[in-house]
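Chemist: Have a look at this one before I ask anything.
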Amino acid sequence: MSGYLTTDSKKITTQSFREMKQRGEKITMLTAYDFTMAAIVDSSGVDCILVGDSASNVMAGNEDTLPITVDEMIYHARSVKRAVKRALVICDMPFGSYQISREEALRNAIKIMKETGVDAVKVEGGADILDTVKVLIAAGIPVCGHLGLTPQSIHKFGGYGLRAKDEPEADQLLADALALDAAGCFAIVLEKVPARLAAKVTKAVSCATIGIGAGCETDGQVLVSADMLGMTNGFRPRFLRLYADLLTVIRNAVNCYSEDVKRSAFPSKDESY
Ligand code: KIV
């Protein structure tokens, strides 16, 4: 049961993240963008579901995360939230929804919280968006930061390579993480940065760090579900571990179905009325 009268002490909250960090319990996070996948992921016991703006790639087939809109994120987040009983649900604020002004960021964050019922939002950036992060947190909206490879800035970076390899960028990332932590973020995603730097950041901040391509010393890990389930054809970055080969499973099932239909073997008498 969830909502105002919730009595479920097992429901993961932003406070649970801090407690899990303190007791050294790793935090598991996966993406989901729809009801069916969210129900499976939540009932499998993952701690957090991220309604990532990677929905732009995975669900809509765009080349990057930039095109997805606030209303599209709301559609995905609302579908996910309906399915989830235990996991903390975070919704990405999409590109353009929090960069124009603090006021517009707050308006969009409130819209996302009101219309989806998610537990928190995620924004990409450090010092450059710190005032915005503070405004959201002051309004009571839990914020997860995102540093390192921040896909909304892909055109600035010019590619999806490792970030913060050199000292100035690593120092800046640490400073950004400390600033987000001091501002009150309950977690920070660290994407595609050297494992040593991620470990240093994890020790330096009081909030939880969630790594993707950031080594195993962060407080938790996140992967895109479709990637780790082997559904995304040919996407094999070094940080990705395949936990299933659903592409083959689904193709085989679809082939069997097609064959059965073509030779009139489906539906059978038992499957007919
Ligand atoms: O949008 C997303 O899926 C993300 C994760 C890769 C962290 O931001």
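Every residue number used here counts from 1 along the chain in the order it is shown.
Any Cβ shown, glycine's included, is placed from N, Cα and C.
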Chemist: Can you find which of LYS11, LYS21, LYS122, LYS134 TrEMBL lists as binding 3-methyl-2-oxobutanoate at the same site as ASP53, SER54, ASP92?
Modeler: LYS122
Chemist: With H, G and I counted as helix, E and B as strand and the rest as coil, say where DSSP puts ASP53 (Mg(2+) binding site).
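Modeler: In three-state terms, ASP53 (Mg(2+) binding site) counts as coil.
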Chemist: Would you kindly give the Cα-Cα distance separating GLU191 (active site, proton acceptor) and ASP92 (Mg(2+) binding site), rounded to the nearest Å?
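Modeler: Just about 14 Å between their Cα atoms.
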Chemist: Roughly how many Å separate the Cα of GLU124 (Mg(2+) binding site) from that of GLU191 (active site, proton acceptor), to the nearest whole number?
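Modeler: That comes out at 11 Å between the alpha carbons.
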Chemist: List, in residue order, those binding-site residues out of ASP53, SER54, GLU124 with a Cβ under 6 Å from any atom belonging to ligand 1.
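Modeler: The binding-site residues passing the 6 Å Cβ test are ASP53, SER54.
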